[in-house]
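**Q** Mind looking over this structure? Questions follow.
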């Protein structure tokens, strides 16, 4: 109801202007109460005064009208008292008449907009005969005067008075749907549920645009075609446009017999393509970097890049803090465990879940907005595990927050985000990622950065995935980061060496130390600001005698990993650094508490049972 509310607010503004015009003309009553009373006011008071004025100032045959008469007889002086004065210049008859007609056009526009507002917001789908039974008969002037605004006023009084009487939101929406809306969006499921109501309303349309048509069941595709009654035995539908990608995932069919043996997962869009129906193919994409597009454009005939992908700065600059715009990171077993299966087909991988969340936390510490990062996985079990880890590590901490979405690849089809963190989960068998359509969806969700956690030795040997994984394995299989860079910096990338993260525990240790360093830095800054604002204390002889002893007992602050010259040393001695952090731990009491050390604990069985 956003548009309806806007027009209602506009209606009140226009009625206030009508009230001001009424006061200027000294007309009694409350003519600005409704659009109906405003229409009567315009017909009987405004138009009559304007016609009398025009009869006095309009030149007659053989008679010339004085220039002063245009301003002297003008009936709306008081209403335009807030306009720049004088309204009439008095230099020529033609100039003053143009001004007078412009003033009247302004007044007429108020009532025209009120009329359109009422038409836009009319509340019921009532036939013309029903309206006529509710309304008084049209004013006789309309049969004599051919002014469009007068004919419009009578049309309004004939058709749309119901809005002033009944204001049901449901009735308004039905009217907008049938009479006013030019574009109507709905799902095929909603069309199936509301088909009977739409046909009863007299819903009519000429064109259908069906988006994601390759992911709609064949039987569901026909439902939107049948939302209107035929006319003279023929459907009035003139055009049907289907937009989809048969190289991505098909409709979801849970029954394996229907899916495979009945081929029920084949959409009508895919059937047309297989039958050789002529198609218009996409030959240029504008979503992702050109390097990311190469991971999946091999699946299409001729998929290139739009010019802005090669020109806009966001597609050209590297991702701050990360060496590569896409990278495949090998994840080995953690504590001797790779994939696990608490329930049948409920696959989880704790090492990949912790690694994915640690990378998200690292990006957040560099300043990446959380709404521009999404974490995807190929299994529901891993999705729930990642959500558990995020809730434990990040959810209550303002430094991290939560990513835009944590969901499966299948659910994320048709969506995108700037940075995608992808967990492939499996370590024993490739699983359903062997379906190339699922791989295309997974590779094509990111705009600026894609970081994949997987068991490389498993997936690189899968024949179906070779074109994509050949490009992924051409880059280092260990995460390369640049912690001295920040998200908002605009300077070009320097020559400092990358820091190589060998495994998940090292990444979690590094993020922990980086977080603690930021806490200490912010605490020091806060203390300095408080000292500047606090009044100087009064020194006494006793305080002067104690101060030297106090100063001699202070020790220099130990150097944190982020202050070392070599960034690789930040995670090489995690135990030593953690001990140093504990010495100054009291300084960060009033800050958000860092969750338990990542990578060293696991979700309890109770939490897993709750998620299941």
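Placed from the backbone N, Cα and C atoms, the Cβ positions cover glycine too.
Note that the coordinates shown come from a computational prediction; the quantities given were computed from them, not determined experimentally.
Straight out of TrEMBL:
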- 175-255: domain 'DNA2/NAM7 helicase helicase' (DOMAIN)
- 264-454: domain 'DNA2/NAM7 helicase-like C-terminal' (DOMAIN)
- 522-531: compositional bias 'Low complexity' (COMPBIAS)
- 522-612: region 'Disordered' (REGION)
- 578-602: compositional bias 'Basic and acidic residues' (COMPBIAS)
- 603-612: compositional bias 'Acidic residues' (COMPBIAS)
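Where in this structure would I find these features, and how exposed are they?
**A** According to DSSP, the compositional bias 'Low complexity' (522-531) comprises 10 helix, 0 strand, 0 coil.
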**Q** Could you pull the average pLDDT for the domain 'DNA2/NAM7 helicase-like C-terminal' (264-454)?
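**A** It averages 95.
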**Q** Based on DSSP, tally up the residues of the domain 'DNA2/NAM7 helicase helicase' (175-255) by helix, strand and coil.
**A** 30 helix, 12 strand, 39 coil
